[in-house]
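A.B. asks: Pasting a structure here, questions to come.
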Amino acid sequence: MGRKEMMVRDVPKMVFLISISFLLVSFINCKVMSKALYNRPWRGLVLSKIGKYKLDQLKLEILRQLETTISTKYNVSKQPVKNLTMNMTEFPQYYILAGPIQNYSITYLWFDFYSTQLRKPAKYVYSQYNHTAKTITFRPPPCGTVPSMTCLSEMLNVSKRNDTGEQGCGNFTTFNPMFFNVPRWNTKLYVGPTKVNVDSQTIYFLGLTALLLRYAQRNCTHSFYLVNAMSRNLFRVPKYINGTKLKNTMRKLKRKQAPVKEQFEKKAKKTQSTTTPYFSYTTSAALNVTTNVTYSITTAARRVSTSTIAYRPDSSFMKSIMATQLRDLATWVYTTLRYRQNPFCEPSRNRTAVSEFMKNTHVLIRNETPYTIYGTLDMSSLYYNETMFVENKTASDSNKTTPTSPSMGFQRTFIDPLWDYLDSLLFLDEIRNFSLRSPTYVNLTPPEHRRAVNLSTLNSLWWWLQ
């Protein structure tokens, strides 16, 4: 009987504890909901089902006004009748910047319209946010999702206009990511639903460039937004990059690309000094023969790498370059991806004909402002004047000015990364010619490619004089 009385007395306490727990849980949930509400791109009160339905219908109506048909060529799109402007009291949270954030003027960006509200894939619209008027202007049509070739093409079109507020970076230098001494292989990348045929050197270059230019924005806060936006179509670059790890990685790669030290030279000299030629005591002619033989043996035993063959009298090929030069070269390489996809790479294409990729890339050799499918690009930062020794005037470059002497002349030439890129095109052309001849000639040996020594070496490219 006493136990029942105690249980009856404990009932109010249990009810009290349960009610307190319920209030505490509801309070925590309210805080979580308010925090989630604060992070929404369209902020406001918690809507009912009817309110959410009306908001979704409003978004879909705006998207319907933005949608237009995009033609098959990426640089030509059907222009809408007008842009769409709406109020937005705060800067959006889901975006890809096309230029620096300018708090007292206009910021250019690709706005993620769907965000997380409609639970659909991101759909980016090129927009302008006015910080003074607190409005956002959509400039249709939307390019679609990222990654995709349509968004990459729109980013290249915007970079051609150069009206997003990007500025130069002065004399800021960075590492050279155009490696020449790398294994060569081809693969297919999915840029959204599109397959793109890419070689290994292009992947290494664009991937390392994305890291270097993202890190360079710490010093150049008004630069490299467009090329970093392009990189999001191929790579997932972290927002924050460890500078120490990046520098150590690039230095290791740089040492591997540098000329190989003559490790066998001392050993060869020691062997030569201890070895007594068999005919050294007879005649001078025999002495010359044995000396030549000994020299040829030491030369064969010494390792000769492709990186030891230079076209510059420098001790290292991987010198630092200007960050703006790296940006311009990366922009050019992104334009070439258009010609590495279908229908230009169909299996049923004529393999003996000139590829569209070669037709597009050859214009950079003779023209500093080449015309591309996205318009004219200014690549003048990739060239410079150099005084070079000219042995034969008729075979020299036609772009040189009047020489100061019969053996010297000024010549317009390329910076090191562009030279290595053109040399890789020569290597690809050699592989292409070998693959075309191998079915006919069974015992052909693969070509051994060495880096181009001078401009005359690149003349073997069929499109050099086009």
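Using the three backbone atoms N, Cα and C, a Cβ is placed for every residue, glycine included.
Sequence annotations record features per position, and here Swiss-Prot assigns N-linked glycosylation site to ASN83, ASN87, ASN103, ASN157, ASN162, ASN171, ASN242, ASN292, ASN392, ASN399, ASN433, ASN454 (among others) based on sequence analysis. Residues or ranges marked as signal peptide in Swiss-Prot (evidence: sequence analysis): 1-30.
Situate these features within the shown structure.
C.D. replies: DSSP gives ASN83 (N-linked glycosylation site) a coil state; it is part of no helix or strand.
Within the same chain, residues at least six positions away from ASN87 (N-linked glycosylation site) with a Cβ under 8 Å of its Cβ are LYS134, THR135.
DSSP gives ASN103 (N-linked glycosylation site) a coil state; it is part of no helix or strand. Its own atom aside, the Cβ of ASN103 (N-linked glycosylation site) has 9 Cβ atoms within 10 angstroms in the protein chains shown.
All protein chains included, ASN157 (N-linked glycosylation site) registers 18 other Cβ atoms within 10 Å of its own Cβ.
In the three-state DSSP assignment, the secondary structure recorded for ASN162 (N-linked glycosylation site) is coil. The local packing around ASN162 (N-linked glycosylation site), expressed as other Cβ atoms within 10 Å of its Cβ over all shown chains, amounts to 11.
Taken residue by residue with DSSP, ASN171 (N-linked glycosylation site) is part of neither helix nor strand, so it is coil.
In the three-state DSSP reading, ASN242 (N-linked glycosylation site) counts as coil. Cβ contacts within 10 Å of ASN242 (N-linked glycosylation site), excluding its own Cβ and spanning all protein chains shown: 11.
A helical conformation is recorded for ASN433 (N-linked glycosylation site) in the three-state DSSP classification.
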A.B. asks: Do me a favour and check the Cα-Cα span between ASN157 (N-linked glycosylation site) and ASN83 (N-linked glycosylation site); whole Å is fine.
C.D. replies: 18
A.B. asks: Give the distance between the Cα atoms of ASN433 (N-linked glycosylation site) and ASN103 (N-linked glycosylation site), rounded to the nearest whole Å.
C.D. replies: 56
A.B. asks: Within 10 Å of each Cβ, count the other Cβ atoms, then let me know which of the glycosylation sites ASN83, ASN171, ASN433 comes out lowest.
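C.D. replies: It is ASN171 that, of the glycosylation sites ASN83, ASN171, ASN433, has the fewest other Cβ atoms within 10 Å.
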A.B. asks: Taking Cα atoms as reference points, rank the glycosylation sites ASN103, ASN162, ASN171, ASN242 by distance from ASN83 (N-linked glycosylation site) and give the first.
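C.D. replies: Comparing Cα positions, the closest of these glycosylation sites turns out to be ASN162.
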A.B. asks: Please report the distance from the Cα of ASN242 (N-linked glycosylation site) to the Cα of ASN162 (N-linked glycosylation site), rounded to the nearest angstrom.
C.D. replies: 30
